[in-house]
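Encoded as C-alpha cells, the structure appears first; notes follow it.
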Amino acid sequence: MSLKVYNTLTGKKEEFVPIKPGEVKIYTCGVTVYDVNHVGHGRSLIVFDVIRRYLRYLGYNVYFVRNFTDVDDKIINRAKNECLPFTVIADRYIKEYFQDAENFRIEPADVEPRVTTHIPDIIDFIQRLIDKGYAYEVEGDVYFSVRKFKEYGKLSKRSVDELIAGARVEPGEKKRDPLDFALWKASKAGEPAWDSPWGKGRPGWHTECCAMIFKHLGETIDIHGGGLDLTFPHHENELAQAEALSDKPFARYWIHNGLVTVNGQKMSKSLGNYITLKEIYSKYDPDVLRLLVLSVHYRSPLDFSWEKMEETKKAYERLKGAIDEYEILKKLPENPDFDEHLYDEIAKAEQGFYAAMSDDFNTPEALASLFTLVREMNILRDKAVKSGGISKKALESYKEASDVLHSIGKEIFGLFDSLQPCIEVEEIKVEKAEEKIDTQLVEALIEVRNKARKEKQFEIADYIREKLSQLGIVIEDTPVGTKWKKK
C-alpha cells in the first residue's frame, strides 16, 4: 500500500514520493537551548522519531537532521542573569536534551548541527541573497525583502495584504518595509558577535535553519517538520529565503505536529503551565508518555493531564502484559482438545496497523488494531485457564501474537526497550522435575488469577481458586501478596 502524507503546503493528503527513490531526507527544527525540555518538546521528538522509524520500516534509507539553536536572545538573557558565558548555558541544556532524548528512546539524528558552528555557512547564505537582490544591509543589519518573493505566504496561507495590516517596525529597526525580517543582527554591547562583511553581529533565527539544511541536505529536501506554531513566521520565512536563493522547491512535504495544551491553553514556559520531561520519567516509565502521544493523531492538539497519564499507564500495562503472559501460558499443561488460535486475529491486526500508519501516520488507529489483538489474546488466555490447559497450536499462535506486538511496538513505536521477544528455552532437567513443574504451574495460575483480579475479572479469579482447591492447593490473599500451600 502507498503512504499518504498530509502536506501543510498543499493542505491535503498526498502520496509520498521521495525526490530520490529509496531515500528520504528529513529536517526538523530542534530546540532553543536556554531551559529544560517540557512535554511539548517531547511530543515533537516522539512524533518525528516514529515517522522516521516507519519510513525506515517501509525500506527507505532515511537521513535525518535536527538542529540546536545555541545562540538566541533567550540564551543571552539567561547567561546575563547567571553571569555566565552564553556557551555554558547552551552546553548545559544541550546535555539535558540528550539525557531526555535517551530516556525517551529518541534515536539520535544523523547530524545535530549547532548554529554557532555554522556561522561561515550562514554568512555565505546571506551574501548570496544580497547578490540576488532579495536582501539588503542597513547599518550592520541585513533584512530579507519579503515583497520581492512573490509567493510569500503560500505555506501559511496568508496574503501580504493581510500581513501588512498587523505588521509594525520595532524601535531601532531600520528595515525598509514592516514585513521584512532580519537575516543578520548588528552586535550590541555585551552580546556574542562574529565578524561579517556587514560588521560584527549574529544571525537571525529564520536564516540559521536554511543555511544548515543547504549544507547538510541540499537545496531541496523531502520532509521539513516541526511544531504547528513554527508554520508562521519561522517556516514561511525559511521557505521564502531558500526558494528565492535556489529557484527550487525547498521541501516536497511540510509536516507539522499539533501543540500540547493544558486545559486548552498551549503548554509553554511563558505561561508557566509546563511539565518537564524529567518530571515525567521520574514518575512514569517513559513508554507511558510515548503511548499517550501516539494515542492522539499527530496533527491534533494533545491536552495533557495527569489523569490521562494514569489512564495511559493502565493501557500500557495491558499491552505489555499481553506480551509477558506468554511465559505464563507455556507453563500450562498441554490440552490437544483446546481448539483455539489467534492467526486470523494476528493477520487482521497487522493489516489494520499498516493501513493506519500508511494513512498519514495515523497512530491512534494503528494502536486500536494492536489493542484489538490484545483483547483477543486475553480471551484465549482466559479460555485456556478455564480449560486447564492449552494446545500446541494455540500456544504457538499466542507466541506469534506476542512477538508481533513486541516487534511493532519496539521497531516502529519505540516501546518495550527493556522487554525481550519470546524465545523458547529448553527446560533444564533436574531431580524431582515433576514437583518443579507442579510448582511452576501453581505459580503461573496464581499470577493469572492476580491479573484477573486486577482487571476485575472476578469470575476467572474465582474459577482458578476453585480449580486449585480441587488440586489440593490453598491460596491466601495477604497485604504483601498471594501465598499458597498444599492442604
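Using N, Cα and C of the backbone, Cβ positions are placed for all residues, glycine too.
Binding of Zn(2+) is annotated in Swiss-Prot for Cys209, His234, Glu238; the matching candidate from Cys29, Cys83 at the same site is Cys29.
As stated in Swiss-Prot, the feature motif ''KMSKS' region' covers range 266-270 out of the listed 196-200, 266-270, 331-335, 361-365. Swiss-Prot lists motif ''HIGH' region' at one of the ranges 9-19, 31-41, 405-415, 471-481, namely 31-41. When Cβ atoms from all protein chains are considered, those within 10 Å of Cys29 (Zn(2+) binding site) total 20, not counting its own.
Here the Cα atom of His234 (Zn(2+) binding site) is found 19 Å from that of Lys269 (ATP binding site). Listed in sequence order, the residues Trp205, His206, Glu208, Cys210, His224, Gly226, Leu230, His235, Asn237 complete the 8 Å Cβ shell around the Zn(2+) site centroid, once Cys29, Cys209, His234, Glu238 themselves are left out.
Recorded residues Lys269 (ATP binding site) and Glu238 (Zn(2+) binding site) have their alpha carbons 24 Å apart, per Cα-Cα distance.
Across the motif ''KMSKS' region' (266-270), DSSP helix (H, G, I), strand (E, B) and coil residues number 0 helix, 1 strand, 4 coil.
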